[in-house]
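Below is one structure, written out as structure tokens; the observations come after it.
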């Protein structure tokens, strides 16, 4: 049995094998920016309403330049260019009587008995379709947001109708839907108790259809995630709607207990239901397992909790790429993954064998009997047959479709494994959006992944060896919400190069790129491997594909600056920093690379020595994330220390520090000279000029960074010790502020 067959019928893969991943360290981003840094330097914008939560529904309208937001008791229209300005909001609360009924049913009137807007769709050129929970009375409405001439306008709901089967009752439940023409396809819970799970079609001219109720073979406690309309051919009669969800696996062995799996389901858009059986039910519904796992010798490690799916369109509308984020359901370890699927692989699974179980005590197997014609799951059209309607399907086709909705073979990810993994990072992936970017050496897919701690990860998919295998590289980690609220929805505008992120507490907007934060040197810009950015000869700026590509330096595939930046002379001269220490004391040599993925190496050149030797960790030497700590200083520690960042095999000097180790007597002379000096007016102190005379008679004007730590002699008074400790602390703090700088500033 191959891996595909083993993954399909689960008993052998119900266990989560973590032998190969349990000790895996989380991937570090090259650049990490806090909310404060984004706010101060990179233009993060936020929107929130007073006493309102749960911004779950986002809709981008590129034509009108608006972002529509659905939240608790409100629908808002924001500018795509700046969500903080020109916001228009309309209240849509649940009626008082509905809230009272909700409260009488045992729900909390303050947190549950509200109208939580879950669904927003563009209905036509002037109206939106919005649906909300309505205090456990699902309701939908058409909202006018533009005039016939295109002018932006906003009024209240013009047409109200029952939202049952369109949006959930309970605000804790997710809604997944797509509007195709005037038809709404939804995956929801259709009852107050949250037990009637259904895939439902409403609105439009075709009859309303749903899945078979209370049949675990069709749906078994599903959690709906996303819905897409994807054409199958040039004939619109072949169009299908694809549902992505997770559910309890009916095919799991009883001994394994309850097990969650991810699914992709399909229905035909022109399905009209059956004539004698499956009346007002789907006759073309099929589902297959969606696998995202890491192969291993002892078994596969499964990421079985589907969280979100993004459809990245291509030139051929029939073959988009599907990017999906998953998490684990195991308590053994915490992990998330991104898997990529092709529509050809999805269709291949639905054309494969059906899953079959003869009886309650039998195992699930591949169906070996005769499959009726037309094949269940095929749409009635002239492309694949002569049937013009599902009502014309023979009874044996309808009966087979009712009893065999599950496919035997799963859908495996491209490359056979996840594109990107994050294990033990302290967060879970919740949302994903993608953008296809033209770079100097090809086109690249850039992923934006939302987490449950309010961060967005920027990941690029690059070829790994021979195509089509790819790997994901983590470029950035951005804290877009100050309160670390979980990200619940994301929308992307490739046209405006903006990302819109929603959480329970607010909506945020960030640009897709921050080229100036990548560095001030050609090598830094090239090592970043950001397809949005390139070195223009003087700065890291936005890359625009033009005919003059030779003037822009960019290498996304390899990230190798050795050739591209060989002629770059900017910032090639390191400023020399002087650091002072006292025998038997300590000295801290600060050097923190901009990239968290860089490895720092230290070399030392003693006085009178021609060669640099590598500084190794020992009892007196401690490496830290921010630099090198030297303890028990000796006179022979004086010399030149060079800090070099190594990344992707490329070495880049960061800092050159000259350490002078002084005797206790020299340090004492300095202290007494300072105490005898008259108080200086406010401003920079120049006492170090006298101090440098002890080290460099006749010089010392070039010292722009000083730090001294010395032991306290035992014969000094306590008061003198206190004064010196305070003086040293002031000296350390002032130098730290001068030298550290922000993470987005260069160190030389």
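Glycine is treated like the rest: Cβ placed from N, Cα and C.
Annotation source Swiss-Prot lists signal peptide at 1-25. According to Swiss-Prot, the domain 'Sema' annotation covers 30-512. Among the features that Swiss-Prot reports, N-linked glycosylation site is placed at 82, 124. Residues annotated as disulfide bond in Swiss-Prot: 102-113, 131-140, 268-379, 292-339, 515-533, 643-709. Feature annotation from Swiss-Prot assigns domain 'Ig-like C2-type' to 561-659. Residues or ranges marked as region 'Disordered' in Swiss-Prot: 708-748. Swiss-Prot lists 732-742 with the feature compositional bias 'Basic and acidic residues'.
Features per Swiss-Prot, on structure.
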residue : record                      : Cβ neighbours (10 Å)
82      : N-linked glycosylation site : 14
102     : disulfide bond              : 23
113     : disulfide bond              : 23
124     : N-linked glycosylation site : 10
131     : disulfide bond              : 27
140     : disulfide bond              : 23
268     : disulfide bond              : 22
292     : disulfide bond              : 29
533     : disulfide bond              : 26
643     : disulfide bond              : 25
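Candidate disulfide-bonded residues: 339, 379, 515. Fewest other C-beta atoms within 10 angstroms, 515. A Cα-Cα distance of 22 Å separates residue 533 (disulfide bond) from residue 82 (N-linked glycosylation site). A gap of 33 Å separates the Cα atoms of residue 124 (N-linked glycosylation site) and residue 102 (disulfide bond). Here residue 268 (disulfide bond) is positioned 25 angstrom away from residue 339 (disulfide bond), judged by their C-alpha atoms.
Across the structure, residue 379 (disulfide bond) and residue 82 (N-linked glycosylation site) place their CA atoms 44 angstrom apart.
A separation of roughly 20 Å, to the nearest angstrom, links the Cα atoms of residue 515 (disulfide bond) and residue 82 (N-linked glycosylation site). For the domain 'Ig-like C2-type' (561-659), DSSP puts the residue distribution at 7 helix, 48 strand, 44 coil.
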